[in-house]
Amino acid sequence: MSFSSLTMGQTSFLGTAVQSVHRTPAKAPRSFRVSAYGPRPDRPKWYPGAQPPPYLDGSLQGDYGFDPLRLGSSKELLPWFKEAELTNGRWAMTAVPGILAIEALGKADPWWNAGATADKPIPLTWLWVIEIVTFGIIEYKRYQNFKKVGESGFLNQAPFDPLGMRSEEMREKEVKNARLAMVAFLGFTSQTAITGLGPIAALKKHLDDPGHNNIFTSKVGFEVTLFTVALSILPFAIDARKTIQDTDGKDDDEFAPLSLNKNVNV
């Protein structure tokens, strides 16, 4: 809403003072640009026939209607969750090839001890100070960028695109690769916790004897089997619940045996 300021002119012999009205345009509310896509109701879903929640209309990159916890139901929080997903995905896309490269080159065995065994030319206390100050500045800039343009960027560059590759197609690919990298990193850490092996060593062991060296024969095989079965049944349970809800309350004719239906001529 705009507001007006009234300015009184000076009285002169030519007449009385005239009130002049100056209009000051109101500041437009800040809005986040999350995508150039419009609603896409016919887009692929996370499983065939899935009914996405109404706030996931396909306008976001990588939107397949998957939000079982309804975390994106808040319009204010959805842009933050989207940026958080990208941020974690970018870290994962950096970590996954790094883990594979370290193990393949034999630079650290195992990979999770790479940081612990690295030479430290300066005291650990100073490393903590440098890290806190450096990341504090970077994160503050990211936060300010997000409030201004809806993307975090890097330092004063938002969006961060030094190679000029930004497009809706590339943003879609970034989301997909970020999600794959997060799943891969979760697999690396889970595999390490169960087998004590890195991803390459575990793959070699599996290829040597696939029938005996796999996740179902590991110490968490029973839990994984239950999870797999539950995940396989979940889409059917969702469809059944939706069908029951759709038919509930409808005035369908009550079924009666043929002999009890007086309107039927036999």
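Cβ coordinates come from backbone N, Cα and C, glycine included.
Quick look at what TrEMBL lists:
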type: BINDING; residues: GLU85, LYS173, GLU174, ASN177, ARG179, GLN191, HIS206; note: chlorophyll a binding site
type: BINDING; residues: ARG90; note: chlorophyll b binding site
type: TRANSMEM; residues: 180-200; note: transmembrane segment
type: TRANSMEM; residues: 220-238; note: transmembrane segment
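All features noted in TrEMBL, drawn onto the structure.
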residue	record	DSSP class
GLU85	chlorophyll a binding site	helix
ARG90	chlorophyll b binding site	helix
LYS173	chlorophyll a binding site	helix
ARG179	chlorophyll a binding site	helix
GLN191	chlorophyll a binding site	helix
HIS206	chlorophyll a binding site	helix
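In sequence order, LEU197, PRO199, ALA202 are the residues of the chain that are 6 or more apart from GLN191 (chlorophyll a binding site) and have a CB within less than 8 Å of its CB.
Of all the Cβ atoms in the protein chains shown, 16 others lie within 10 Å of the Cβ of ASN177 (chlorophyll a binding site). Here the CA atom of the residue listed as 'chlorophyll b binding site' lies 12 Å from the CA atom of LYS173 (chlorophyll a binding site). Rounded to a whole number, the distance between the Cα atoms of ARG90 (chlorophyll b binding site) and HIS206 (chlorophyll a binding site) is 29 Å.
Within 10 Å of the C-beta atom of GLU85 (chlorophyll a binding site) sit 15 other C-beta atoms, taking all shown protein chains into account.
Rounded to the nearest whole angstrom, the C-alpha distance between ARG179 (chlorophyll a binding site) and ARG90 (chlorophyll b binding site) is 9.
Shown in sequence order, ALA178 are the residues of the chain, 6+ apart in sequence, with a C-beta less than 8 angstroms from the C-beta of the residue listed as 'chlorophyll b binding site'. ARG179 (chlorophyll a binding site) has a Cβ environment of 17 other Cβ atoms inside 10 Å. Within 10 Å of the C-beta of HIS206 (chlorophyll a binding site) there are 16 other C-beta atoms, taking all protein chains into account. Packing around GLU174 (chlorophyll a binding site) is summarised by its Cβ count: 18 other Cβ atoms lie within 10 angstroms of its Cβ, all protein chains included.
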